[in-house]
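Copied over from Swiss-Prot, here are the features:
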REGION    1-226  region 'Pyrophosphorylase'
BINDING   8-11, Lys22, Gln73, 78-79, 99-101, Gly136, Glu151, Asn166, Asn224, Arg330, Lys348, Tyr363, Asn374  UDP-N-acetyl-alpha-D-glucosamine binding site
BINDING   Asp101, Asn224  Mg(2+) binding site
REGION    248-455  region 'N-acetyltransferase'
ACT_SITE  His360  active site, proton acceptor
BINDING   Ala377, Asn383, Tyr384, Ser402, Ala420, Arg437  acetyl-CoA binding site
Amino acid sequence: MSLDIVILAAGQGTRMRSALPKVLHPVAGNSMLGHVIHSARQLSPNGIHVVIGHGADAVREQLAADDLNFVMQDKQLGTGHAVAQALPALTAETVLILYGDVPLIEVETLTRLLKLVNPQQLGLLTVTLDDPTGYGRIVRDQQNRVCAIVEHKDANDVQKAITEGNTGILAVPAKRLADWLGRLSNNNAQGEYYLTDVIAMAVNDGLIVATEQPYGAMEVQGANDRKQLSELERHYQLREARRLMAGGVTLRDPARFDVRGEVSVGRDVLIDINVILEGKVVIEDNVVIGPNCVIKDSTLRKGVIVKANSHIEGAILGEGSDAGPFARLRPGSVLGAKAHVGNFVELKNANLGEGAKVGHLTYLGDAEVGARTNIGAGTITCNYDGANKHKTTLGTDVFIGSNNSLVAPVDIFDGATTAAGSTITQNVPTEQLGVARARQRNIEGWKRPVKIRKD
(Lines of atoms letter the chains of each structure in order from A and count residues from 1; the text may use other names and numbers.)
(Lines give C-alpha, C1' and ligand atoms only; values in the text may rest on other atoms or scores of the structure.)
Protein backbone atom coordinates (compact mmCIF):
# COMPACT_ATOMS: atom_id res chain seq x y z
CA MET A 1 0.00 0.00 0.00
CA SER A 2 1.46 3.36 -1.05
CA LEU A 3 1.04 6.24 1.38
CA ASP A 4 0.96 10.03 1.38
CA ILE A 5 0.96 11.87 4.70
CA VAL A 6 -0.57 15.32 5.14
CA ILE A 7 0.37 17.24 8.29
CA LEU A 8 -1.78 20.24 9.17
CA ALA A 9 0.44 22.98 10.60
CA ALA A 10 -1.09 26.29 9.52
CA GLY A 11 -2.71 27.39 12.79
CA GLN A 12 -1.76 30.61 14.55
CA GLY A 13 -1.90 29.43 18.15
CA THR A 14 -3.01 32.73 19.68
CA ARG A 15 -3.32 31.21 23.16
CA MET A 16 0.42 30.57 23.19
CA ARG A 17 0.86 34.37 23.23
CA SER A 18 4.05 34.05 21.22
CA ALA A 19 5.61 35.32 18.01
CA LEU A 20 6.76 31.75 17.39
CA PRO A 21 4.34 29.64 15.30
CA LYS A 22 2.53 27.20 17.54
CA VAL A 23 3.90 24.06 15.86
CA LEU A 24 7.49 25.24 16.44
CA HIS A 25 7.14 25.33 20.21
CA PRO A 26 9.45 22.64 21.61
CA VAL A 27 8.71 19.45 23.46
CA ALA A 28 11.83 17.64 24.69
CA GLY A 29 14.16 19.77 22.60
CA ASN A 30 12.35 19.27 19.30
CA SER A 31 9.47 21.28 17.86
CA MET A 32 6.02 19.71 18.08
CA LEU A 33 5.94 19.57 14.29
CA GLY A 34 9.41 18.02 14.29
CA HIS A 35 8.13 15.16 16.44
CA VAL A 36 5.23 14.54 14.06
CA ILE A 37 7.53 14.58 11.03
CA HIS A 38 9.85 12.10 12.76
CA SER A 39 6.94 9.71 13.31
CA ALA A 40 5.72 10.21 9.74
CA ARG A 41 9.12 9.31 8.30
CA GLN A 42 9.11 5.98 10.11
CA LEU A 43 6.05 4.97 8.05
CA SER A 44 8.10 5.25 4.81
CA PRO A 45 5.53 7.29 2.85
CA ASN A 46 5.74 8.38 -0.78
CA GLY A 47 5.56 11.97 0.41
CA ILE A 48 5.11 14.13 3.50
CA HIS A 49 3.07 17.25 2.77
CA VAL A 50 3.10 19.96 5.45
CA VAL A 51 0.29 22.51 5.19
CA ILE A 52 1.55 25.83 6.56
CA GLY A 53 0.08 29.30 7.02
CA HIS A 54 0.90 31.49 10.03
CA GLY A 55 4.66 31.82 10.38
CA ALA A 56 5.20 29.86 7.17
CA ASP A 57 8.70 31.24 6.56
CA ALA A 58 9.84 30.31 10.06
CA VAL A 59 8.46 26.78 9.70
CA ARG A 60 10.18 26.30 6.34
CA GLU A 61 13.47 27.66 7.65
CA GLN A 62 13.56 25.45 10.74
CA LEU A 63 12.34 22.20 9.17
CA ALA A 64 13.41 22.36 5.53
CA ALA A 65 14.33 18.92 4.19
CA ASP A 66 14.36 17.20 0.82
CA ASP A 67 11.56 14.81 1.78
CA LEU A 68 9.11 17.54 2.85
CA ASN A 69 6.65 19.28 0.55
CA PHE A 70 5.41 22.53 2.08
CA VAL A 71 1.93 23.56 0.96
CA MET A 72 0.62 27.06 1.64
CA GLN A 73 -2.85 27.70 3.10
CA ASP A 74 -3.24 31.45 2.66
CA LYS A 75 -6.57 31.64 4.49
CA GLN A 76 -7.36 29.41 7.44
CA LEU A 77 -10.82 28.20 6.46
CA GLY A 78 -10.85 24.93 8.39
CA THR A 79 -9.23 21.52 8.42
CA GLY A 80 -11.03 20.32 5.31
CA HIS A 81 -9.85 23.37 3.38
CA ALA A 82 -6.29 22.77 4.66
CA VAL A 83 -6.17 19.18 3.39
CA ALA A 84 -7.59 20.32 0.04
CA GLN A 85 -4.52 22.52 -0.50
CA ALA A 86 -2.36 19.39 -0.60
CA LEU A 87 -4.56 17.44 -3.03
CA PRO A 88 -2.61 18.27 -6.23
CA ALA A 89 0.54 16.70 -4.75
CA LEU A 90 -1.05 13.43 -3.59
CA THR A 91 -0.27 10.35 -5.68
CA ALA A 92 -0.50 7.38 -3.28
CA GLU A 93 -3.36 4.95 -2.64
CA THR A 94 -3.87 6.01 0.98
CA VAL A 95 -3.74 9.40 2.66
CA LEU A 96 -2.95 9.74 6.37
CA ILE A 97 -3.84 13.07 7.99
CA LEU A 98 -1.87 14.19 11.05
CA TYR A 99 -1.62 17.39 13.10
CA GLY A 100 1.49 19.44 13.73
CA ASP A 101 0.55 20.19 17.34
CA VAL A 102 -0.01 16.55 18.38
CA PRO A 103 3.61 15.50 18.94
CA LEU A 104 3.31 12.33 21.01
CA ILE A 105 1.49 10.14 18.49
CA GLU A 106 3.12 6.69 18.38
CA VAL A 107 4.19 5.00 15.16
CA GLU A 108 2.65 1.75 16.40
CA THR A 109 -0.74 3.45 16.74
CA LEU A 110 -0.54 4.86 13.22
CA THR A 111 0.48 1.47 11.86
CA ARG A 112 -2.60 -0.13 13.41
CA LEU A 113 -4.77 2.63 11.97
CA LEU A 114 -3.38 2.22 8.46
CA LYS A 115 -4.15 -1.50 8.51
CA LEU A 116 -7.85 -0.62 8.60
CA VAL A 117 -7.85 1.12 5.22
CA ASN A 118 -9.05 -0.47 1.99
CA PRO A 119 -11.07 0.82 -0.99
CA GLN A 120 -14.31 0.33 0.93
CA GLN A 121 -13.14 1.31 4.41
CA LEU A 122 -11.39 4.23 6.06
CA GLY A 123 -9.65 4.39 9.42
CA LEU A 124 -10.47 6.90 12.15
CA LEU A 125 -8.52 7.33 15.38
CA THR A 126 -10.84 8.03 18.30
CA VAL A 127 -10.26 8.39 22.02
CA THR A 128 -12.52 7.75 25.01
CA LEU A 129 -12.27 10.45 27.67
CA ASP A 130 -13.86 11.17 31.04
CA ASP A 131 -14.21 14.78 29.91
CA PRO A 132 -14.28 15.13 26.10
CA THR A 133 -14.97 18.88 26.16
CA GLY A 134 -13.64 20.45 22.99
CA TYR A 135 -13.55 17.20 21.04
CA GLY A 136 -15.88 16.36 18.19
CA ARG A 137 -18.19 13.52 19.25
CA ILE A 138 -18.31 10.15 17.50
CA VAL A 139 -21.94 9.40 16.68
CA ARG A 140 -22.75 5.71 16.22
CA ASP A 141 -25.92 3.97 15.06
CA GLN A 142 -27.78 1.13 16.76
CA GLN A 143 -25.33 -1.38 15.29
CA ASN A 144 -22.45 0.62 16.85
CA ARG A 145 -21.22 1.74 13.46
CA VAL A 146 -19.81 5.25 13.08
CA CYS A 147 -22.24 7.41 11.16
CA ALA A 148 -21.01 10.97 11.81
CA ILE A 149 -18.82 13.31 13.83
CA VAL A 150 -20.36 16.36 15.45
CA GLU A 151 -18.07 19.18 16.52
CA HIS A 152 -18.39 20.23 20.15
CA LYS A 153 -19.69 23.70 19.28
CA ASP A 154 -22.37 22.21 17.04
CA ALA A 155 -23.38 19.35 19.38
CA ASN A 156 -26.66 19.16 21.27
CA ASP A 157 -26.87 18.02 24.88
CA VAL A 158 -27.34 14.35 23.97
CA GLN A 159 -24.33 14.41 21.68
CA LYS A 160 -22.21 16.24 24.25
CA ALA A 161 -22.82 13.34 26.65
CA ILE A 162 -20.90 11.02 24.30
CA THR A 163 -17.45 10.23 25.73
CA GLU A 164 -15.84 8.98 22.51
CA GLY A 165 -14.04 11.87 20.85
CA ASN A 166 -12.48 12.49 17.46
CA THR A 167 -8.72 12.94 17.44
CA GLY A 168 -8.78 14.26 13.87
CA ILE A 169 -6.25 11.64 12.77
CA LEU A 170 -7.67 9.92 9.73
CA ALA A 171 -6.53 7.44 7.06
CA VAL A 172 -8.60 7.35 3.86
CA PRO A 173 -8.55 5.88 0.35
CA ALA A 174 -7.01 8.63 -1.78
CA LYS A 175 -9.40 8.18 -4.71
CA ARG A 176 -12.35 9.10 -2.50
CA LEU A 177 -10.77 12.05 -0.73
CA ALA A 178 -10.90 14.63 -3.53
CA ASP A 179 -14.62 14.02 -4.08
CA TRP A 180 -15.46 14.34 -0.40
CA LEU A 181 -13.41 17.51 0.07
CA GLY A 182 -15.09 19.08 -2.96
CA ARG A 183 -18.50 18.53 -1.37
CA LEU A 184 -17.70 20.13 1.99
CA SER A 185 -19.85 23.02 3.23
CA ASN A 186 -19.07 25.75 5.75
CA ASN A 187 -22.64 25.89 7.04
CA ASN A 188 -21.76 25.49 10.72
CA ALA A 189 -21.12 27.51 13.88
CA GLN A 190 -17.53 28.29 12.89
CA GLY A 191 -18.17 28.99 9.22
CA GLU A 192 -15.36 26.58 8.35
CA TYR A 193 -14.89 23.54 6.13
CA TYR A 194 -14.63 20.68 8.61
CA LEU A 195 -12.61 17.62 7.67
CA THR A 196 -14.85 15.69 10.06
CA ASP A 197 -17.78 16.04 7.64
CA VAL A 198 -15.95 13.56 5.41
CA ILE A 199 -17.06 10.80 7.80
CA ALA A 200 -20.78 11.31 7.14
CA MET A 201 -20.09 11.48 3.40
CA ALA A 202 -18.19 8.20 3.55
CA VAL A 203 -21.06 6.53 5.37
CA ASN A 204 -23.58 7.88 2.83
CA ASP A 205 -21.38 6.52 0.04
CA GLY A 206 -21.52 3.06 1.60
CA LEU A 207 -18.05 2.94 3.12
CA ILE A 208 -17.31 1.52 6.53
CA VAL A 209 -15.67 3.81 9.09
CA ALA A 210 -13.42 1.56 11.18
CA THR A 211 -11.95 2.97 14.38
CA GLU A 212 -8.79 2.47 16.37
CA GLN A 213 -7.73 3.96 19.71
CA PRO A 214 -4.31 5.11 20.98
CA TYR A 215 -2.57 3.42 23.88
CA GLY A 216 -3.32 6.45 26.05
CA ALA A 217 -5.11 9.78 25.78
CA MET A 218 -1.90 11.84 26.04
CA GLU A 219 -0.74 10.31 22.79
CA VAL A 220 -3.32 12.39 20.92
CA GLN A 221 -3.23 15.46 23.16
CA GLY A 222 -2.55 18.74 21.39
CA ALA A 223 -1.13 21.93 22.86
CA ASN A 224 -3.03 25.19 22.52
CA ASP A 225 -1.36 27.03 25.43
CA ARG A 226 1.74 26.90 27.59
CA LYS A 227 0.07 24.80 30.28
CA GLN A 228 -0.83 22.07 27.79
CA LEU A 229 2.68 22.32 26.34
CA SER A 230 4.18 21.67 29.78
CA GLU A 231 1.85 18.69 30.26
CA LEU A 232 3.09 17.19 26.99
CA GLU A 233 6.69 17.80 28.06
CA ARG A 234 6.23 16.06 31.39
CA HIS A 235 4.38 13.11 29.84
CA TYR A 236 7.11 12.67 27.23
CA GLN A 237 9.85 12.75 29.85
CA LEU A 238 8.15 10.19 32.08
CA ARG A 239 7.54 7.98 29.05
CA GLU A 240 11.24 8.12 28.16
CA ALA A 241 12.21 7.48 31.78
CA ARG A 242 10.02 4.36 31.89
CA ARG A 243 11.52 3.13 28.62
CA LEU A 244 15.05 3.48 29.96
CA MET A 245 14.24 1.87 33.30
CA ALA A 246 12.64 -1.06 31.49
CA GLY A 247 15.94 -1.50 29.64
CA GLY A 248 18.05 -1.73 32.80
CA VAL A 249 18.76 1.89 33.74
CA THR A 250 18.48 3.15 37.32
CA LEU A 251 17.12 6.70 37.59
CA ARG A 252 17.41 8.23 41.05
CA ASP A 253 14.26 10.23 40.35
CA PRO A 254 12.41 9.80 37.01
CA ALA A 255 10.68 13.15 37.56
CA ARG A 256 14.05 14.94 37.59
CA PHE A 257 15.53 13.61 34.37
CA ASP A 258 15.16 14.99 30.84
CA VAL A 259 15.74 13.51 27.39
CA ARG A 260 15.93 16.02 24.53
CA GLY A 261 17.01 13.91 21.59
CA GLU A 262 17.78 10.35 20.51
CA VAL A 263 19.25 8.37 23.39
CA SER A 264 20.63 4.84 23.46
CA VAL A 265 21.47 3.54 26.93
CA GLY A 266 22.95 0.20 27.98
CA ARG A 267 22.30 -1.88 31.08
CA ASP A 268 23.28 -1.25 34.70
CA VAL A 269 23.59 2.47 34.08
CA LEU A 270 23.01 4.81 37.03
CA ILE A 271 21.75 8.34 36.37
CA ASP A 272 21.39 10.75 39.29
CA ILE A 273 18.97 13.67 39.55
CA ASN A 274 18.76 16.70 37.24
CA VAL A 275 20.60 15.08 34.34
CA ILE A 276 19.80 16.31 30.81
CA LEU A 277 20.58 14.21 27.73
CA GLU A 278 20.48 16.27 24.51
CA GLY A 279 20.89 15.43 20.84
CA LYS A 280 22.30 12.03 19.93
CA VAL A 281 23.69 10.38 23.05
CA VAL A 282 25.07 6.84 23.35
CA ILE A 283 25.66 5.48 26.85
CA GLU A 284 27.10 1.99 27.18
CA ASP A 285 26.85 -0.48 30.08
CA ASN A 286 27.85 0.32 33.67
CA VAL A 287 28.10 4.08 33.21
CA VAL A 288 27.50 6.34 36.22
CA ILE A 289 26.34 9.94 35.74
CA GLY A 290 26.26 12.18 38.79
CA PRO A 291 23.73 14.92 39.55
CA ASN A 292 23.27 18.14 37.57
CA CYS A 293 25.07 17.01 34.41
CA VAL A 294 24.35 17.87 30.77
CA ILE A 295 25.40 15.32 28.14
CA LYS A 296 24.94 16.44 24.53
CA ASP A 297 25.80 14.67 21.25
CA SER A 298 28.32 12.44 23.01
CA THR A 299 29.31 8.80 23.50
CA LEU A 300 30.12 7.32 26.90
CA ARG A 301 31.81 3.92 26.67
CA LYS A 302 31.54 1.11 29.22
CA GLY A 303 32.29 1.98 32.81
CA VAL A 304 32.59 5.74 32.34
CA ILE A 305 31.99 7.91 35.40
CA VAL A 306 30.78 11.49 34.99
CA LYS A 307 30.76 13.30 38.30
CA ALA A 308 28.45 16.08 39.45
CA ASN A 309 27.91 19.36 37.60
CA SER A 310 29.77 18.41 34.42
CA HIS A 311 28.91 19.61 30.91
CA ILE A 312 29.86 17.30 28.05
CA GLU A 313 29.18 18.15 24.40
CA GLY A 314 30.39 16.52 21.20
CA ALA A 315 32.80 14.27 23.11
CA ILE A 316 33.77 10.61 23.30
CA LEU A 317 34.69 9.19 26.70
CA GLY A 318 36.62 5.93 26.42
CA GLU A 319 36.07 2.80 28.45
CA GLY A 320 36.70 3.30 32.16
CA SER A 321 37.49 7.01 31.85
CA ASP A 322 36.08 9.62 34.21
CA ALA A 323 35.32 13.33 34.20
CA GLY A 324 34.39 15.86 36.84
CA PRO A 325 33.10 17.15 39.09
CA PHE A 326 32.66 20.49 37.31
CA ALA A 327 34.34 19.30 34.10
CA ARG A 328 33.59 20.81 30.71
CA LEU A 329 34.27 18.79 27.58
CA ARG A 330 33.59 20.75 24.41
CA PRO A 331 33.19 19.43 20.84
CA GLY A 332 36.06 17.32 19.56
CA SER A 333 37.19 16.12 22.97
CA VAL A 334 38.19 12.45 23.26
CA LEU A 335 39.20 10.61 26.43
CA GLY A 336 41.12 7.39 25.97
CA ALA A 337 40.48 4.33 28.11
CA LYS A 338 40.95 5.07 31.82
CA ALA A 339 41.84 8.71 31.17
CA HIS A 340 41.02 11.12 33.98
CA VAL A 341 39.68 14.67 33.77
CA GLY A 342 39.13 16.29 37.15
CA ASN A 343 37.39 19.32 38.58
CA PHE A 344 37.37 22.64 36.72
CA VAL A 345 39.05 21.22 33.63
CA GLU A 346 37.99 22.38 30.17
CA LEU A 347 38.85 20.50 26.99
CA LYS A 348 38.17 21.63 23.45
CA ASN A 349 39.23 19.56 20.44
CA ALA A 350 41.64 17.70 22.69
CA ASN A 351 42.54 14.01 22.50
CA LEU A 352 43.74 12.37 25.71
CA GLY A 353 45.50 9.02 25.38
CA GLU A 354 44.93 5.95 27.51
CA GLY A 355 45.52 6.64 31.19
CA ALA A 356 46.30 10.34 30.71
CA LYS A 357 45.49 12.55 33.70
CA VAL A 358 44.35 16.16 33.85
CA GLY A 359 43.53 16.61 37.50
CA HIS A 360 42.24 20.13 37.97
CA LEU A 361 42.08 23.77 36.93
CA THR A 362 43.29 23.26 33.38
CA TYR A 363 42.39 24.31 29.83
CA LEU A 364 43.49 22.19 26.88
CA GLY A 365 42.46 23.36 23.43
CA ASP A 366 43.58 21.87 20.10
CA ALA A 367 45.81 19.39 21.90
CA GLU A 368 47.05 15.83 21.48
CA VAL A 369 48.03 14.18 24.78
CA GLY A 370 49.80 10.83 24.82
CA ALA A 371 49.15 7.82 27.01
CA ARG A 372 49.94 8.08 30.74
CA THR A 373 50.82 11.77 30.48
CA ASN A 374 50.12 13.82 33.61
CA ILE A 375 49.19 17.51 33.44
CA GLY A 376 49.56 19.62 36.56
CA ALA A 377 47.06 22.07 37.99
CA GLY A 378 46.74 25.50 36.40
CA THR A 379 48.09 24.45 32.99
CA ILE A 380 46.74 26.04 29.82
CA THR A 381 47.42 25.62 26.14
CA CYS A 382 47.78 29.00 24.44
CA ASN A 383 46.26 27.82 21.17
CA TYR A 384 44.97 31.06 19.59
CA ASP A 385 47.20 33.87 18.34
CA GLY A 386 44.35 36.24 17.58
CA ALA A 387 43.94 34.99 14.02
CA ASN A 388 44.61 31.25 13.89
CA LYS A 389 44.44 28.17 16.10
CA HIS A 390 47.59 26.11 16.71
CA LYS A 391 48.17 22.62 18.06
CA THR A 392 49.96 21.42 21.18
CA THR A 393 51.30 17.86 21.08
CA LEU A 394 52.38 15.98 24.20
CA GLY A 395 53.94 12.54 23.83
CA THR A 396 53.56 9.51 26.08
CA ASP A 397 54.63 9.56 29.74
CA VAL A 398 55.07 13.34 29.73
CA PHE A 399 54.90 15.22 33.04
CA ILE A 400 53.68 18.83 32.89
CA GLY A 401 54.33 20.79 36.07
CA SER A 402 51.73 22.99 37.69
CA ASN A 403 50.93 26.47 36.38
CA ASN A 404 52.37 25.94 32.90
CA SER A 405 51.52 27.92 29.79
CA LEU A 406 52.10 25.84 26.65
CA VAL A 407 52.34 28.29 23.76
CA ALA A 408 51.29 26.56 20.54
CA PRO A 409 52.49 25.34 18.19
CA VAL A 410 54.73 23.30 20.45
CA ASP A 411 55.73 19.63 20.89
CA ILE A 412 56.77 18.03 24.16
CA PHE A 413 58.19 14.62 23.36
CA ASP A 414 57.91 11.24 25.11
CA GLY A 415 59.05 11.15 28.71
CA ALA A 416 59.81 14.88 28.90
CA THR A 417 59.09 17.01 31.97
CA THR A 418 58.34 20.70 32.36
CA ALA A 419 59.02 22.59 35.55
CA ALA A 420 56.25 24.23 37.52
CA GLY A 421 55.52 27.81 36.54
CA SER A 422 57.05 27.50 33.07
CA THR A 423 55.94 29.23 29.89
CA ILE A 424 56.92 26.72 27.23
CA THR A 425 57.47 28.30 23.82
CA GLN A 426 59.90 25.78 22.31
CA ASN A 427 59.83 22.03 21.85
CA VAL A 428 61.06 19.88 24.74
CA PRO A 429 63.07 16.84 23.57
CA THR A 430 62.52 13.28 24.76
CA GLU A 431 63.19 12.74 28.49
CA GLN A 432 64.53 16.26 29.03
CA LEU A 433 63.40 18.86 31.55
CA GLY A 434 62.04 22.11 30.16
CA VAL A 435 62.38 25.11 32.46
CA ALA A 436 61.12 28.50 31.32
CA ARG A 437 60.77 30.88 34.22
CA ALA A 438 62.64 33.83 35.74
CA ARG A 439 65.22 33.04 38.42
CA GLN A 440 64.03 33.87 41.94
CA ARG A 441 65.71 36.73 43.84
CA ASN A 442 65.42 37.29 47.59
CA ILE A 443 65.94 40.97 48.55
CA GLU A 444 67.55 41.57 51.92
CA GLY A 445 66.30 44.47 53.99
CA TRP A 446 63.10 44.84 52.01
CA LYS A 447 60.39 46.67 53.92
CA ARG A 448 56.75 45.91 53.44
CA PRO A 449 54.73 49.05 52.56
CA VAL A 450 52.67 50.51 55.37
CA LYS A 451 49.31 52.10 55.04
CA ILE A 452 49.35 55.91 54.97
CA ARG A 453 47.07 57.29 57.63
CA LYS A 454 44.66 59.97 56.50
CA ASP A 455 43.86 62.57 59.15
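Note: Cβ is positioned from N, Cα and C throughout, glycine not excepted.
Considering only the binding-site residues Asn224, Asn374, Asn383, Ser402, the Cβ with the fewest other Cβ atoms within 10 Å is that of Asn224. Relative to Ala377 (acetyl-CoA binding site), the binding-site residues Gly11, Gly78, Gly100, Asp101, Asn224, Arg330 all have Cα atoms farther than 10 Å away.
Cα to Cα, Glu151 (UDP-N-acetyl-alpha-D-glucosamine binding site) and Asn224 (Mg(2+) binding site) are separated by 17 Å. Closest to Ser402 (acetyl-CoA binding site) by Cα-Cα distance, out of the recorded positions Gly11, Asn224, His360, is His360.
Note: the Cα of Gly78 (UDP-N-acetyl-alpha-D-glucosamine binding site) and the Cα of Asp101 (Mg(2+) binding site) are spaced 15 Å from each other. Among the binding-site residues Gly11, Gly78, Gly100, the residue whose Cβ has the fewest other Cβ atoms within 10 Å is Gly78.
With respect to Cβ neighbours within 10 Å, the binding-site residues Leu8, Ala377, Ala420 differ, and Ala420 shows the lowest count. When the Cα atoms are compared, Asn383 (acetyl-CoA binding site) and Arg330 (UDP-N-acetyl-alpha-D-glucosamine binding site) turn out to be 15 Å apart. When the Cα positions of Ala377, Asn383, Tyr384, Ser402, Ala420, Arg437 are compared pair by pair, the longest gap among these acetyl-CoA-binding residues is 22 Å. When the CA atoms are compared, the binding-site residues lying within 10 A of Asp101 (Mg(2+) binding site) are Leu8, Gly11, out of the candidates Leu8, Gly11, Arg330, Arg437. When the Cα of Asn374 (UDP-N-acetyl-alpha-D-glucosamine binding site) is compared against those of the recorded positions Asn224, His360, Tyr384, Arg437, the shortest separation belongs to His360.
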